[in-house]
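What follows is a short report on a single structure.
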Amino acid sequence: MHDMEGNKLMDVIVVGAGLAAAKLLHETGLDVLVLEARDRVGGRTLTEHNSNVGYVDLGGAFVGPTQNRVLRLADEFGIKTHLTNEDEDIVYYSQGKSERYRSDSYPACGFLELLDMNNFLRLIDKMGEEAQHAKEWDQMTMQQFFDKHVWTNFGRGFAKGLVNINATSEPCEVSVLWFLWYIKCCGGQKRIFSTTNGGQERKFVGGSQQISQRIAEKLGKDRVLLGHPVGHINQTVEGVTVSDIDGQKFRVTEPCV
């Protein structure tokens, strides 16, 4: 068994990141241990620091209205936000060509391409209001959906980019049902794309990863163990044992996966 305070029985072990859950449990007085497979915390948030540019977010970066839980965490740790810069052009790069456009418009394309893109966005919002086709949509990938409903190369490229950016996956790896659920949770595609009063409205001063880092600091190094990918969870009448891939074992009352 892992020698933690004399092989102490933990109340909860959080497998994976789960830092927000660990923080809440810790604040109720429970003994919590986080086993993180990576050598860092933050998951899909990653902030790189450089003396020339200061810092840059390589993962999730933006935050906006309705994302109240992460905003509350930032406020608790004194992490400020700043408005997204809308004064400069956006650069759209595709097939070896770049094009500049304003944040309130789209890259230059034809009428059919704009109609195709508009139809796709309106369709996924409308489908997100339904539930009776859940089984069918869960068996269909977003790639299959594009093949059926998106007509132009520009539209397919746009739709593929929407999945890549929001799901960090290829369209063939994401079910239509899951993606519709995601869009619905975000408040619809308009909120996802919008800056003012939308999902792109603000960024964190100093980068987004620091929220996870600050939670880990609050929990303490002895409660957030990095480089401990879990390989096995064994539950018997005597309790639960969580083992990492190197064979270290941790006793726990309740695992949280």
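Numbers run from 1 along the shown chain.
Positions of Cβ are set from backbone N, Cα and C atoms, glycine also.
If you check TrEMBL, you get these features:
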| type | residues | note |
| --- | --- | --- |
| BINDING | E36, A37, V230 | FAD binding site |
| DOMAIN | 17-251 | domain 'Amine oxidase' |
Original post:
In which DSSP state, out of helix, strand and coil, do we find A37 (FAD binding site)?
Top reply: coil
**OP:** List, in sequence order, the residues of the same chain other than E36, A37, V230 whose Cβ lies within 8 Å of the centroid of the Cβ atoms of the recorded FAD site.
**Re:** V15, G16, L35, R38, G227, H228, P229, D244
**OP:** Measure between the Cα atoms of every pair in E36, A37, V230, the residues the record assigns to FAD, and report the largest value in Å, rounded to a whole number.
**Re:** 8
Subject >> Local confidence of the domain 'Amine oxidase' (17-251) - pLDDT mean >> reply: 91
